[in-house]
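Sequence annotations record features per position, and here TrEMBL assigns site 'Determinant of potassium independence' to B:Lys461. The annotation transmembrane segment is assigned in TrEMBL to B:48-68, B:116-144, B:156-174, B:229-247, B:259-278, B:290-313, B:325-345, B:372-396, B:403-423, B:466-484, B:610-631, B:680-700 (among others).
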There are 2 protein chains.
Amino acid sequence: MPAEIGLFALSVAYAIWATSSVLGADAGSLRMQEIAGAVREGAQAYLRRQYTTIGIVGIVIFLLLAYFLGLYVAIGFAIGAILSGAAGFIGMNVSVRANVRTAQAATTSLAGGLELAFKAGAITGLLVAGLALLGVTLYFGFLVHSLKLAPDSRTVVDALVALGFGASLISIFARLGGGIFTKGADVGGDLVGKVEAGIPEDDPRNPATIADNVGDNVGDCAGMAADLFETYAVTAVATMVLAAIFFAKTPILANMMTLPLAIGGICIITSIIGTFFVKLGPSQSIMGALYKGLIATGILSLIGIALVIYYLIGFGKLDGVNYTGMALFECGVVGLVVTALIIWITEYYTGTDYRPVKSIAQASVTGHGTNVIQGLAVSMEATALPAIVIIAGILVTYSLAGLFGIAIATATMLALAGMIVALDAFGPVTDNAGGIAEMAGLPKEVRKSTDALDAVGNTTKAVTKGYAIGSAGLGALVLFAAYNEDLKFFIAGKNAYFQGVNPDFSLNNPYVVVGLLFGGLLPYLFGALGMTAVGRAAGAIVEEVRRQFREKPGIMQGTDKPDYGKAVDLLTRAAIKEMIIPSLLPVLSPIVVYFLMYAIAGGGAAGKSAAFSAVGAMLLGVIVTGLFVAISMTSGGGAWDNAKKYIEDGHFGGKGSDAHKSAVTGDTVGDPYKDTAGPAVNPMIKITNIVALLLLAILAH
Amino acid sequence: MPAEIGLFALSVAYAIWATSSVLGADAGSLRMQEIAGAVREGAQAYLRRQYTTIGIVGIVIFLLLAYFLGLYVAIGFAIGAILSGAAGFIGMNVSVRANVRTAQAATTSLAGGLELAFKAGAITGLLVAGLALLGVTLYFGFLVHSLKLAPDSRTVVDALVALGFGASLISIFARLGGGIFTKGADVGGDLVGKVEAGIPEDDPRNPATIADNVGDNVGDCAGMAADLFETYAVTAVATMVLAAIFFAKTPILANMMTLPLAIGGICIITSIIGTFFVKLGPSQSIMGALYKGLIATGILSLIGIALVIYYLIGFGKLDGVNYTGMALFECGVVGLVVTALIIWITEYYTGTDYRPVKSIAQASVTGHGTNVIQGLAVSMEATALPAIVIIAGILVTYSLAGLFGIAIATATMLALAGMIVALDAFGPVTDNAGGIAEMAGLPKEVRKSTDALDAVGNTTKAVTKGYAIGSAGLGALVLFAAYNEDLKFFIAGKNAYFQGVNPDFSLNNPYVVVGLLFGGLLPYLFGALGMTAVGRAAGAIVEEVRRQFREKPGIMQGTDKPDYGKAVDLLTRAAIKEMIIPSLLPVLSPIVVYFLMYAIAGGGAAGKSAAFSAVGAMLLGVIVTGLFVAISMTSGGGAWDNAKKYIEDGHFGGKGSDAHKSAVTGDTVGDPYKDTAGPAVNPMIKITNIVALLLLAILAH
């Protein structure tokens, strides 16, 4: 336990050191600081409003949980929500200060810009991993050591699940709300600015431009931080729950339950070391510099995980099961390999050097329609290899160490979250830096440096999203197993509600097929709601910008200043309003499906059996379609974005050509795909799972 | 048995009468006949080439089946393939003759055009139902009565499954090949004609215009005919297989096995009567006229099915099971209700009178990007209600009469295929009629009538596709049950290969999860291949048309004639080439998954158990994502098309406005969605299922 606190302290120490080093950098000219100030204010205003809304929802849920499941469970929920929110909040606050400094650093060298932007990303990344580890460890320690509860008691398990739920709640709101905000601003701003008024992206005359930069931070920085905090916490919790079940009554129970935390802890160290490997080499390859850091982290983690397993449980045969510690280490290796493969595949599908992006650029020559057709084809194709990698990961780890092997692989995959979030949070900083450089009228060469950083940011953002959904896919079985084992526990425990319940998860059972289909429809409906919300928000921005141009004709001549705050405000309200209904979808679905199936199957024990089977199948159904919807959207969107960048680099006629116009259309379509609907599918899947687990606990009470 | 032959004779008699009445109509001016002749020749040339390719593949499969499973099974395959091909061939030949006559009839009245076009569609529809019923009935009768085989013997079951496979093979080739042909021509022709050369759609100066009209016939007429022939045959076969299992050794076995055929037969009569109700009322509503026919058929079928059940098995309790004949009748009613709801929902999502299409038209005002975003949102949303209807259908029929109840509902749904295919095959006739009217320079009012018919055709085409995939979703459990029961049969039969095999279809089994994910990826990969193929074919057409414009500058002045045949030829080759790999995907997947999982799970009985579990799960996985992919594509594509039509009707600026240009982009994107990839998912799902069934039979030998 003290080890984890030490590791958390280490990650905080790194964050403090890195923050002071970021804040110590030159913040540029007054004009730059003015612009950055507007972005900062907008982002803070948005986050305040979002957190207020979440706070209200959170208090209601807190009270419900306290009433149904007791105070400790409710406190677990609060811890998850507060820490997840804090990770996003701190990360975003660093990000909105690093942007202007990155722009300023880029005036001297590309390496300087890269260093600052990456350091800012790394702060968010390590805080996510550190806070998640701290939350789970401390609360688990408090319950087990201070309250003397058994590590596998219901209260402990339920409290940890509730911790995951708290994180999930922040995550879906941040992902969806942030996604709607950022893409509403982006799509709306581009439509009215680039297309109607004919002014370039990030032109300071466009009233939506500050909102666009605000959006990058709330969506990609705060949103991603909350999302991966949640995946990290949920996976750690699920692995601990499985350990509690598989190693119950063996002497190694405590050590096995500590294992996922220890793996997470050691990887915080390796991630911190890895950040120092991010250095621009003589080839000036930004992606190469980031990869150096990632590869260093990966190799060191391999060694670290081996040590952890050796000291905690040894490499020999484990008590109570028929596999060895060595097999678990091999599962960890599989987790790292799956991560590497998914990153590599995502880069292939979204990078400008490979066939998919080039094929979209090529298709842009014949028009808007063919650009979109090819983009959709690429987005669908991009799902096949990741799915096969996940399938292979499941098969190999299961054959090595059964279900617990899959859990360890997933936990290892997520142990790298610190480094991976660093890569992602790097994106909005560079994106903003480019915007600030443009608005402050910095020289063209500076913009070239920030553009180069930005293009890499597009790929790393897609890579992180692929990683996030990939880990969810691999973890699907683990979460379903947690549901199933919980159910068995309540049935075996002679709980009154579960008398005579006998769920049948066989595909022969029509309730299972119904559950699969119902789960399958959730990502589609959710995606539709997200896309529509962006369309509506963008439409509102178009109207607002048109109004400002009409009422203040001086804006276009540069004699009058646009009202940036109005656009930020409008989007804030739109995003908060639009995120409510889609967020409720995964929260209510398990509950509605349960009681509906219970009633349809005639109530009683038979009704309960049918309903539990349907809900269980729903958990897998939502993964089966969710995996494909999410990967196709995030990879497809990244590919569209970079196809535009590829044309802007001078291919197929370059900027301003007809091919470029078509590519801008594809980019616009890809925006809500990759930044709103796609990434929000991930927290949606996990909320569905967690609500199902909590439903079991509530029914048992 | 003689009853079914009589019913087939009735459908042939109707077809002959209708054909002579179509052919007897005025074929218009010489110019019109010349154009129609070119379309007819192109369509016949394409079909000849396609059937030659299928023939080669078919002979190989025939020999393989004969070698592995015996001659009777191979003959079943040949019957399915030949009859399915014949339905498409005859239907298309009527269609390419009815188009010009419809255009001519529209010069006098809308009612006249409607009557001719619908009659042509009805010929295809009734031949599909008649030939499918004849094939299954006669071959079943031959095996049981002439060869004295037991109705539930392996040879009979395998032979009927092979009959379904033969139909499937034609269906996937026709759907994909036809889809690539038609949309390659449509997208490519539009890009180079409308966008580059600035000439209207269907302008005779565009060398791709004949190919476009050819494509409508091969894709929507021959393709849909083969597809529904297959669904009809496969569902009838699967229901018969289940009857053979559930009612084995009861005195009502023969009658229960005849039930799906009898329901199909009675609905041929009601469909024929229904066609006479299709009459333009005083409101001049074309959709209303078609609905009158459909509703009449539905109500009459209700009565017919009640009579069939009463005479065949009675309404009382049935031998060997715990449900009544009445319950089966109620399942039939559910099948009709599901059909009605899916039609109504599809019309809501694709019709110009409702929110979804209007929202896409509205989004077109702000540009290409927002049009596509809204279209994608609508396409995803359009999956939710049909999925819920299918879920409800499964739950209700299962609670009424178990698995056999679901089968009867599906069979009833498909019994209406005659009428539904009539609605679909009506589409290409009116589409062609519009093209011919334009090319022959008929007066503007005529074009208005053909346009009105065409707009309704867009909706009916989407409706039919929704119906086809909906029935596949409802039938999913039936096909999975057939697989599962077959497996049990072989295991119980002490077959040497199946010694010790014990498949576990529980969601706890990682092989099941792997199978679900692998099945889930198939529709995505298949869709990607289909979309890319259309993009490539369209690109080739663009090059070809550009070449003709360049080499023969007289074409644009109207002094020189374009070489239509060249474009048709090029597309024929492209379509045949492109359809091979995607078609192999569902054929090879069950085999590859089986042997791969067998090897991974360590071979032996355990390996076989794992592999059979994975393949079974794959069959459901392919439905779970396939249902959503197919519905979103077909409904979304229809909505895009009609959003364009809605704008052309004078909304949001009308023809030539910026909104219209954006809507044309959406329409182009929707083309391969709704006419290539989307509808081809349906046969793909069923081929995966059937190959899995045949794999079992082959392994048992």
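Including glycine, each Cβ sits where the backbone N, Cα and C put it.
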Examine the transmembrane segment (B:610-631) against the transmembrane segment (B:156-174) and state whether at least 3 Cβ pairs sit under 8 A, considering only residue pairs 6 or more apart.
no
Give the nonlocal contacts of the transmembrane segment (B:116-144) in its own chain as ranges (CB under 8 Å, at least six residues past its ends).
1, 4-5, 7-8, 10-12, 14-15, 18-19, 21-22, 25, 72, 75-76, 79-80, 83-84, 86-87, 90-92, 94-95, 97-98, 101-102, 105, 150-151, 155-156, 159-160, 163, 167, 221, 225, 228-229, 232-233, 236-237, 240, 257, 261, 264-265, 267-268, 271-272, 275, 278, 290, 293, 415, 417-427, 429-430, 433, 453
Taking residues 6+ outside the transmembrane segment (B:259-278), which of them lie with a CB under 8 Å of any CB in it?
3-4, 7-8, 10-11, 14, 114-115, 118-119, 122, 125-126, 129-130, 132-133, 136-137, 140, 232, 235-236, 239-240, 243, 289-290, 292-297, 300-301, 304-305, 307-309, 312-313, 328, 332, 407-408, 411-412, 414-416, 418-419, 422
My understanding is the cutoff is Cβ-Cβ under 8 Å with a sequence separation of 6 or more in the same chain; which residues meet that for B:Lys461 (site 'Determinant of potassium independence')?
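Looking at Cβ-Cβ distances below 8 Å from B:Lys461 (site 'Determinant of potassium independence'), excluding near sequence neighbours, one finds B:Asp220, B:Asp424, B:Gly427, B:Gly638, B:Lys674.
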The transmembrane segment (B:466-484) vs the transmembrane segment (B:156-174): three or more C-beta pairs under 8 Å (separation of 6 or more)?
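By the criterion, they do not touch.
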Check the DSSP secondary structure of B:Lys461 (site 'Determinant of potassium independence'), expressed as helix, strand or coil.
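Helix, per DSSP.
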